[in-house]
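Below you'll find the structure, written out as structure tokens, and then a few comments.
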Amino acid sequence: MTARFQLSRRALLAGTAGALAMPAIRPAFAQGAPIKVGVLHSLSGTMAISETALRDTVLMMVENINAKGGLLGRKVEAVVVDPASNWPLFAEKARELLQVHKVDVTFGCWTSVSRKSVLPVFEELNGLLFYPVQYEGEEQSKNVFYTGAAPNQQAIPAVEYLMSEDGGGAKRIALLGTDYVYPRTTNRILRAFLNSKGIADADIMEEYTPFGHSDWQGIVSRVKRFAGEGKKTAIVSTINGDANVPFYRELGNQGIKAEDIPSVAFSVGEEELAGIDTKPLVGHLAAWNYFMSVPGAPNDEFKKMWHAYIKNDKRVTNDPMEATYTGFAMWAQAVTQAKTTAVDAVRTAMYGQKVMAPSGYEEQMWENHHLSKPVMIGEIQGDGQFNIVYKTPTAIKAENWSPFIPENASRRRG
Amino acid sequence: MSGVLYLDGVSVVFDGFKALNNLSMIIEPGELRAIIGPNGAGKTTMMDIITGKTRPTAGTVQFADHDLTRLDEAAIANLGIGRKFQKPTVFDALTVFENLELALKAPRDPWSCLRWVLGADYQRRIEATMAEIGLADRAHDRAAILSHGQRQWLEIGMLLMQEPQLLLVDEPVAGMTDQETEHTAALLRRIAGQRSVVVVEHDLEFVRALGAKVTVMCEGTVLSEGSIDHVQNDQRVIEVYLGR
Amino acid sequence: MTRFLRLLAVFLLFAAPLRAQEGFEAVVAGLAGGFAAQAEAVERLGALGDPRAVPILRALSEGRLQKSPEGALAIDGRDALTGAPAPTATEAIRINNRVRGALRGAFGRLELASASDAERAAAAAGLFRARSPENIQILEDALGREANPGVRATMERALAASRLAAPDAGVRRQGILMLGGTASPEARGLLLEARTASPDLAPEIDAAVAAIDQRLQLRRVAETAFQGLSLGSVLLLAALGLAVTFGVMGVINMAHGEMVMLGAYTTVVVQEAFRGIPWLFPWALPLSVPAAFLVTAAVGAGLERGLIRHLYGRPLETLLMTFGVGMILQQAVRLAFGAQNREVISPAWMQGVITLPGGVEVTQNRLWIIIFSLLVLGLTVAAIRFTRFGLEMRAVVQNRRIASTMGIRTGRVDAMTFAFGSGIAGMAGVALSQIDNVSPNLGTGYIIDSFMVVVFGGVGSLAGTMIGAFTLGLVNKLLEPWAGAVLAKIAVLVGIMLFIQRRPKGLFALKGRAAEQ
Amino acid sequence: MSATTITPAPRIQGGTILRGLLLAGLAILAMLPVLNRLPPESVLYVSDFVVAVSGKWICYGILALAIDLAWGYAGILSLGHGAFFALGGYAMGMHLMRLIGPRGVYGHPVLPDFMVFLGYTELPWPWWGFSSFPYAMLMALLVPGALAGIVGWLAFRSRITGVYLSIITQAMTYALMLAFFRNDMGFGGNNGFTDFKELLGVPLNTAGARAALFYAALVALGVSLLLCRLVTQSKLGRVLVAVRDAESRVRFLGYNTTSVKLSVFVLSAMLAGLAGALYVPLIGIINPGEFSPGNSIEAVIWVAVGGRGTLVGALLGAFSVNALKTWLTSFAPDLWLFVLGGLFVAVTLFLPRGLVGLLRKGEGR
């Protein structure tokens, strides 16, 4: 209830700290003027838990690129503002970044609602936004590059895994989610997908709970009952943030073991597990496009860079951080190729850019403004890390307009 | 002319405690009646019953053929029953003038209040009342800064503005000086005649000064009734007062 | 004695008729393969019944089994088979759910003769899930020796499940009858699964399922009731402190939720402090209760003396001011402990399920919380009824002036009453740390519910608070299955609002003049 | 009697300082969009950003007036005004959503995007009629008004007053928040409404439209102020004050306090709804977060800080607290909650009559 109290609603003239020192008007195209990168992540309020790490990732990338001599021979400068987990404030801060600070590109947003709230601003002022979080799809703006997963790059492969022999051969699926657009849309897509795989509606259970739901007794016992119908059952969880701890606690306490009823989550990563005793959860699954435990040189380099920047070896990396990293690297390549930071030129140059991502795969930006990404399934381990039990052989192209939503049929033909 | 107040067999029970016990009483139009009785005799509860603040557990309460047990405080007040509380309650944030204006008999629904314009005749009536209660020179002072006695009078003034047919007055002279007491007694005598007045009072001197018929209450019922001399000589009354 | 039993077990396992002669080493080597190969190897090791497999499988399940690039297996730096020091450069072998499932079956066979009741029960439960006809014999043997009735019941179920998988229809029918005698949802699931495999036995299976359903029906009611009581106990804990500060003193404390939150953080601090002291660590949670009481009581006393007492008789201002205090407390905790959730470990005795008579399964942590809430209620009532402080408190509440003329220091009593109410909130925080997120926002989720409980139950009545809390918990849980969690909650809120306008004084109204002030 | 000069004294002896402050403030606000049109080099230039922020404050000012009318004058401390505000906002949001029409990403002629991808096939009945602007404006006033009417009638009739009323209205707000977070309600769930295109045929993302909305809000503020003044200066205003200070005494005077309180509560809720309806097109998004009970309490504290029981105080509070908030959340986000919490404490303890009380001290009222 206090979300808004933790947050600022607006800022009078400028964002935080250094960005302020600068006068509102300056010749933006002066020779050698720094290239400005806006950072639009909540540093206070409910989303700060997740978003501060992304701010740090962008700052790390800026520091890194400057150490290599900048971009186009110009210095890169980050402009950080705090939209404070307040959706109207996101739009206001976006306008501030574009109009007052005249940033060349912005990295930002976590929740879908924050992205939806800034979208009109970026379209009106022709800005460029990199959005690094998995989301429900059903969107494609020429002013946004989506570097997180679309549903076909996360949810569908995860369910396929659950239905495979390795995943336990689930024949009945409980779709549990927090009541907002991402779970609703994802579950709608999943239901259509499951139906197409011959799983009847009677074998699908769908339940939604409010944000921060803490009393999971009833739902978990209903899942247990649902599982008692003689078919292998699995849980697909789109439960958001805070509600996961009591949910997993209840699973553990009601004796639901991953071997009996495995659950796969799409919103639980290394950061979220940091606050939980994971021992009772060993074997439950999460699906992402990156795990900190991915082996290989690109990831080792990423982790090393992160630990050096944040000066703390204990800090974890996670999927949205990786998506931010990849997006930034790609943008830098596109700017180099276009030899300008002008939005239209960079946009064109972005198409077809490839980057060797920390996930260990070469990821490519397609003209649908989404990345191709590998899908990985990890089992939770006792130490809060993930044991990768499945990976797609190659990166998968995003279907941001899901073929399982009938209204998209015409779009796909056209 | 005003109606008759009629209480018959009224009982009120709070948590097993009988605050009123089969109380019956008739107040004639234009009558001035004093009610006395020891603490806990049920005097205030009786007023609460008449004005609709408390509902009787049993019994009939009627005024001018209206069943008061079915009406709320506002409706009862609009029937012409005014009440002055033991502790003077005037509106501190308003001026003397405004206090009287609020009490003025006029349409009381929100819409009428919003459109209310103070007519000259109303204004004269307020001024007349202020003169009567001796507050003419304090018209625009807020009630908060009045003295205790002035607040008592202001409240009586507000009662007058209501043009009630029946006035219930609870201990009007508590805390007043002798002079003020006298003044109040005269005021009440003047008012009675046009309307019924019921005064609850401890001060026997004051009751004598009123020269009214007296009802003695005890343990929620009527103990004795008559002139002041009559009740003062009533053996039961003496027992109740002296035996305590 | 233990050694004797172990020898006996080894003997019995070796005597098992189904044992196929295979190279033990060759099978073990399969553990280093892919998940499918691992699962197969585990199953075969279970079938072999070689006790040497136990430490290896144990190591595998605990993630201690390692493999060298050449494929040699090692446990804790020693070769898994020979025990000789193993070469370095090894990598931990990872397993997935499928392998874990196979492990459970294997342990079932290997440990059915263990000396520990718990291990035998776990082994039988594992065999219940593995449900292979190969286990019929060993289960029958084990049942022959088993004395513990609880373990016997589990073994019987496992035997029934194994029989259900037998090729012979007569044996299967036996299994069906046995499973039909239970009240286990898992048994029901097994039967339904078997129905598709053996349509000839469908009538028997249907009868057995119907029998189970009948028993489950009762249990379901009991479990819903338990869930309702559990939610009620949480509401009771959250509201009890408020029932004292609001109900008794009439102080609207919007920072009440923050007191609960402080109690939860006290638990975190106590736990961190004891982390280094192994013998004390299991007691961290019980010891947090008095600690949380003291901390929040101190904060409450400070709050009352410093701020609230200046606003007596102005409840609306108190409401606004304490809301501000709540914000400050929240932000202070956020700065001190970080915005992230803090981890509170549940002691072993609060984890898992226990089965009550009638087969009703209840989670231990919630059962403890119900008991705890009643204890706190009892303590509160006792403190008010039977102590000098309680007497003075009641005196001050009823007539402050007279109490003070009798020599009671009313200011001190006010402070103590408020501290007492806050302390109760702190104890509630300890309990809530077991089921909810420990974050700075913990309290805000409970404040509105707490006020609703107190107002619904009747301000000033502890009995009303208790009955109110449990009523709301039960109603909520009864509505939940068909209305969903959110609508159930909305319905309860609207219901309370309507109820209060019918009975503004709540369920247990104080009547008479005192209540009208 | 020669004393015919005795007339009711004006209720608000609005000191010259306060009245000057109010007029100057309104004048400055009225100038902002004009200054925004100056070339950016000008000293007097005001950025888009300042105009946008002030537009929001104006809406908050109307909300503060509404709260002050109920609380400051009639003593009804409602913790549900944030909900009335949000309901007004939702009514306007629904209109704006309907106006998007086929320009949504799915190009559905009638259904908003979120309905399309949640699988709706037809418009739910609560949405009927919202394509009409007058209807939407009417709903922005009527829905909060009706809700206030129902809740108020139930509460006032049962003589639920003081903190009980506050708690009930807070529960109402909380229940509404939970309800609007539900996607099944058909109001967009957590995401609410956004991506509006136009209003009254004018594209929203132009400077001209923003200036027009700003002036609309300013005019609404002026009208609300006059309306509140009309009420508080009338005899009804004096009845309200009397109800606030001694409700049962007013009843014994023959006033039906239930209807008096109900009428002002409904009026106040409608003003809050109006504020919400103006707020949404200005900021471009409405979502269930606006229902959060904390928002309502925060709005109450604006009024407390400014000085309840005076209309100028309500406005002064809304503007000063929000200005402080804007400033602090930019430069010291961690401190903001301490300052806001501290304000709650300090104002209730030391400044029961708010900033206005402080300013008036010099005038020796």
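Placed from the backbone N, Cα and C atoms, the Cβ positions cover glycine too.
Note on the transmembrane segment (D:17-36): residues 44-48, 50-51, 54, 58, 207, 210-211, 214-215, 218, 221-222, 310, 312, 315-316, 319, 356, 359-360, 362-363 of its chain, located 6 or more positions outside it, place their CB under 8 angstroms from a CB of the stretch. Taken from TrEMBL, the feature transmembrane segment covers D:17-36 (among others).
Residues annotated as transmembrane segment in TrEMBL: D:43-67 (among others). Listed by sequence, the residues of this chain that lie at least six past the ends of the transmembrane segment (D:43-67) yet keep a Cβ under 8 A from its Cβ atoms are 29, 32-33, 35-36, 78, 81, 84-85, 207, 210-211, 213-214, 217-218, 220-221, 224-225, 228, 268-269, 271-272, 274-276, 278-279, 282-283, 299-300, 302-303, 306, 311, 314-315, 317-319, 322-323, 326.
Long-range contacts of the transmembrane segment (D:73-93) within the same chain: residues 63, 66-67, 130, 136-137, 139-141, 143-144, 147-148, 151, 161-163, 165-167, 169-170, 172-173, 176-177, 180, 187, 192-193, 196, 231-232, 237, 240-241, 243-245, 247, 260-261, 264-265, 268-270, 272-281, 286, 288, 290-293, 295-300, 309, each at least 6 residues beyond the stretch ends and with a Cβ under 8 Å from a Cβ of the stretch. The transmembrane segment annotation in TrEMBL covers D:73-93 (among others).
The feature transmembrane segment is assigned by TrEMBL to D:105-123 (among others).
Marked as transmembrane segment by TrEMBL: D:135-156 (among others).
Summarising the annotation, TrEMBL assigns transmembrane segment to D:163-181 (among others).
Look at TrEMBL and you will find D:212-232 (among others) tagged as transmembrane segment.
The transmembrane segment annotation in TrEMBL covers D:253-279 (among others). Cβ atoms under 8 Å from those of the transmembrane segment (D:253-279) belong to residues 56, 58-63, 65-67, 69-70, 73-74, 76, 78, 81, 84-92, 136-137, 140-145, 147-149, 152-153, 156-157, 213, 216-217, 220, 224, 227-228, 231, 236, 239-240, 242-243, 247, 286, 290 of the same chain, restricted to positions at least 6 beyond its ends.
Sequence-distant contacts of the transmembrane segment (D:299-323) (same chain, six or more residues past either end, CB-CB distance under 8 Å): 12, 14, 18-19, 21-22, 25, 56-57, 60-61, 63-65, 67-68, 71-73, 77, 79, 81-82, 85, 225, 228-229, 232, 241, 340, 343-344, 347-348, 351, 353-357. According to TrEMBL, the feature transmembrane segment maps to D:299-323 (among others).
Residues annotated as transmembrane segment in TrEMBL: D:335-355 (among others).
A Cβ distance under 8 Å defines the sequence-distant neighbours of the transmembrane segment (D:105-123), meaning residues of its chain 6+ beyond its ends; these are 97-98, 183, 186, 188-189, 191, 193, 195.
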